[in-house]
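Comments concern the structure below.
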Amino acid sequence: MLGKIGRPDASSSKMARFRHRPHANPLADNDFQFPCTGPDEFPFDLYYPAWRKQRNAGAQEGHFDIVDIGCGYGDFVRNVSLAFPDLLTVGLELRDIPVVLGQQALLDGRANGQNENAAILRCNVMKHLPRLLARQSIKFFTIMFPDPQFKASHARRRVISPQLLSEYAYYLIPGGFLLICSDLRDLYLYMHSTIVAHPFFCEVQVKEISGNDNDSHAIETILQLMDRTADAERHMRKDADKTVYKAVFRCTKPELTM
């Protein structure tokens, strides 16, 4: 993986030595190597070598199943890959150190025969998604505990906006899902209202999914795994309000072209 190759001194036992940036500016952080210029060029053999080999033909170009936007250190990516070993998962993160350490944790798991279907990639979702994802190819987008960017001058940095929602809809399969969560009520209400107002998404209640949809098990599992992320556990440990606000949206877009 490119991040790990760039920092070969990183290992799980050395995490404490790195200074970690809690936030990054997606409008400015662009000076890094991206592994492809189009979905058909993505090096699946580099990021998913054993998973590809096990399936002989391998994944279709750009056809990931689960995309976690802003994956941080990749704890959800690792957990969801264990829960769904037949689904191809990728975590996207802008900050370099979380990418390196997340990739190292995946490599540690692969040494034990796990996480072969998961990868973490340094990516600016505001600029790189057309290089990475194919149209109507993604089953699930997840956005968990994003940077609130509450300052008015930082509004353009938010990973939930009308413009980005149109882009997410372009990559989702018909009937695909966008799942969000946050421990900040104001941020959750902003994300929820923005998505509800978008013409390509409609909210789905969990009770409506359960037992009535082929994806019901996946949705329920993903919602449960949201509570097992480092952000959720830190929130439950430190904050008086233990609520994690979650919502599920189905993509109902018409045919889109870009």
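Glycine residues also receive a Cβ, built from the backbone N, Cα and C atoms like all the rest.
No curator has checked TrEMBL annotations; they are predicted automatically.
Just one of Gly70, Gly109, Gly175 is listed by TrEMBL for the same S-adenosyl-L-methionine site as Glu93, Leu94, Asn124, Val125, and that one is Gly70. When Cβ neighbours within 10 Å are tallied across all protein chains shown, the highest count among the recorded positions Gly70, Asp147 belongs to Gly70.
Calculated from their C-alpha atoms, the gap between Leu94 (S-adenosyl-L-methionine binding site) and Asp147 (active site) amounts to 12 Å. In this structure the C-alpha atoms belonging to Asn124 (S-adenosyl-L-methionine binding site) and Asp147 (active site) are separated by 14 Å. Straight-line distance linking the Cα atoms of Val125 (S-adenosyl-L-methionine binding site) and Asp147 (active site), rounded to a whole number, equals 14 Å.
Of the listed binding-site residues, namely Leu94, Val125, the sparsest Cβ surroundings within 10 Å are found at Val125.
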